[in-house]
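Record features, source TrEMBL:
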DOMAIN    2-118  domain 'PLAT'
BINDING   Gly17, Asp79, Asp80  Ca(2+) 1 binding site
BINDING   Asp39  Ca(2+) 2 binding site
SITE      Trp103  site 'Essential for stabilizing binding to COTL1'
DOMAIN    118-664  domain 'Lipoxygenase'
BINDING   His368, His373  Fe cation binding site
Amino acid sequence: MPSYTVTVATGSQWFAGTDDYVYLSLEGTAGCSERHLLDKPFYNDFERGAVDSYDVTVEEDLGEIQLIKIEKRKYWYQDDWYLKYITVKTPMGDYLEFPCYRWITDEKEIVLRDGRAKLPRDDKTQILKQHRRKELETRQKMYRWKEWHPGFPLSIDAHSHSDLPRDIQFDNEKGVDFILNYSKAMENLYVNRFMHMFQSSWSDFADFERIFVRISNTISEYVMQHWKEDFMFGYQFLNGCNPVLIRRCTEIPKKLPVTMDMVECSLERNLTLEEEVKQGNIFIVDYELLDGVDANKTDPCTIQYLAAPICLLYKNLENKIVPIAIQLGQKPGPDNPIFLPSDASYDWLLAKIWVRSSDFHIHQTVTHLLRTHLVSEVFSIAMFRQLPAVHPLFKLLVPHMRFTIAINTKAREQLICECGLFDKANATGGGGHVQMVQKAMKDLTYSSLCFPEEIKAKGMDSKEDIPYYYYRDDGIKVWEAIKSFAEDVIHIYYESDEVVCEDVELQAFVKDIYVYGMRGVKTPDFLRSVPKYQPLWLFTVLSCFVVQYDWCSWIPNAPPTMRCPPPTEKGTVTIEQIVESLPDRGRSCWHLGAVWALSQFQDNELFLGMYPDEHFVEKPVKEAMAKFRKNLDEIVNTITERNKNKKLPYYYLSPDRIPNSVAV
């Protein structure tokens, strides 16, 4: 009688094993096996991390094995089981792999297909087509869209982390409890004694050092020492916490009436301002998005303020980017002066602090929340709803969606909700952050998510003209590596654009992103060009590089709120006014706890190129993965070599520091 050897691998997570009854049956082209009991309760099979083997004997050969059916029946209490994969050795000696990588949480039957990736057109038999359809029907009931706020990208329909499907929950929910992590952070940073001291101002800049953790030779300490200097201010637009806003200025905007007389002493080439603009030496950062956003009013004892500054920058003869003019509001006028480096030192310093505060708000809410977390969640939900596990794009994307929906759900539950942690220290809390996302959605396009296109659109692509833009240089390298990997995998399954258009599941996936992610406001121009936009999906979910503590832990360099309005005239600013404008002791501590917590990797973090779950079984894909890892290693070595002996090393886009998914 034919005998099949079945190997079952259980996950290594805590509580991944089970003591329940487990049944298995095989379904082939020539017939089906009976249901076989693989394990009885307390027989020490299916323990955490275990690999167990069984012989399944049948009366007749089953032909080519198409499906494996697994049932788990409760013995005493509900005992979840994480099944990694099953392998089958046939009577002919062939090995078949059936990836699972799912939690089995109830007594329903789950059905697995072998690990070879298949497009819809590849399934010829009715049983495989039916399995594919049923899987998506089941997922679409579990992964439902919901509008959290009008104008936002849609998110998962779940009120809390515990409402999520078990497969996308964190292994350990405590590890991502924002309230617990913030409290731990403040305790670890020895600042918890200040955390309730709201409305209590610091004495001076030196007083901020009482909550600053000194770690020798780190970027944060360098920032603390040099934050007042113009070169450090300009450098951060290229390589700081939010290096995505700076653009080459092709024309001085009318709303910023800067004259040659104002900036002549800052220009070094004996050229007029207009000539400097034409030569590409003038850059601009405009925080127009903050104009009209309501400041946080959740604490009636503290009035908080926002500004929408415009900052003009200049590339000097040393190729350093330095500020030459700052206007703190969008409308020019006598009560909205243009601050200059030649002004009184405190006037100029406070103007720069206002820019740094505005930059922090844009980073937190637009760059980090919207363009990384919320967009990645859209990709994740669309993937689960429209791509079955056998689809090659599901296999390619699923490692990069790990915990993304979970971290966002937890954030909506504790962090950015009404009266959440975000409200405690941020001037955009209390609803301002919602307004910012709604406004930013109007400028969110597919091309703006494509790294090289966005860099070029801003006029920042020339390495010769802008030689110290490491964010651009490293980002392009990582983008090209991802693009090469994605194309290698895609071309295995898609021979032409016609095959792309024939893939109804892919089209449904793209439509979900267009309708629910981009909210249908932009043309879905990537419908026919998967090879071009596949790197976009991957790069977007990998853009959550951990950077905040280095640049934001020194409070004056990234104030999360300002407690006095922007100055409306020159020559009146004092050091006392600056300190009174900066966050009080309590908000400073909550801010420090936040940037610390948001700069920590998960305990079980996976980094770019790590694929411990083998969703693909085909040799060509595994070769593409090996090539990808080799390319990433070369990038790591290049970045490491460049950073040697640098006072300000740039390592945030080194692949060994880029999480494989958005879960920070």
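Every residue gets a Cβ built from N, Cα and C, even glycine.
Sequence features, as recorded in TrEMBL, placed on the structure.
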{"residue": "Gly17", "record": "Ca(2+) 1 binding site", "CB count, 10 Å": "21"}
{"residue": "Asp39", "record": "Ca(2+) 2 binding site", "CB count, 10 Å": "20"}
{"residue": "Asp79", "record": "Ca(2+) 1 binding site", "CB count, 10 Å": "17"}
{"residue": "Asp80", "record": "Ca(2+) 1 binding site", "CB count, 10 Å": "16"}
{"residue": "Trp103", "record": "site 'Essential for stabilizing binding to COTL1'", "CB count, 10 Å": "18"}
{"residue": "His368", "record": "Fe cation binding site", "CB count, 10 Å": "21"}
{"residue": "His373", "record": "Fe cation binding site", "CB count, 10 Å": "23"}
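Rounded to a whole value, the Cα-Cα separation of Asp79 (Ca(2+) 1 binding site) and His373 (Fe cation binding site) is 32 Å. Within 8 Å of the centroid of the Cβ atoms of Gly17, Asp79, Asp80, where the record puts Ca(2+) 1, the same chain has further Cβ atoms from Phe15, Ala16, Thr18, Asp19, Asp20, Phe46, Trp81, Tyr82. Straight-line distance linking the Cα atoms of Gly17 (Ca(2+) 1 binding site) and Trp103 (site 'Essential for stabilizing binding to COTL1'), rounded to a whole number, equals 10 Å.
Trp103 (site 'Essential for stabilizing binding to COTL1') is 24 Å away from His373 (Fe cation binding site) when you measure Cα to Cα. Put simply, of the recorded positions Asp80, Trp103, His368, the one whose Cα is nearest the Cα of the residue listed as 'Ca(2+) 2 binding site' is Asp80.
In this model, the domain 'Lipoxygenase' (118-664) carries an average pLDDT of 89. In this structure, the C-alpha atom of Asp80 (Ca(2+) 1 binding site) lies 34 angstrom from that of His368 (Fe cation binding site).
DSSP labels the residues of the domain 'PLAT' (2-118) in these numbers: 0 helix, 61 strand, 56 coil.
Note: the Cα of Trp103 (site 'Essential for stabilizing binding to COTL1') and the Cα of His368 (Fe cation binding site) are spaced 30 Å from each other.
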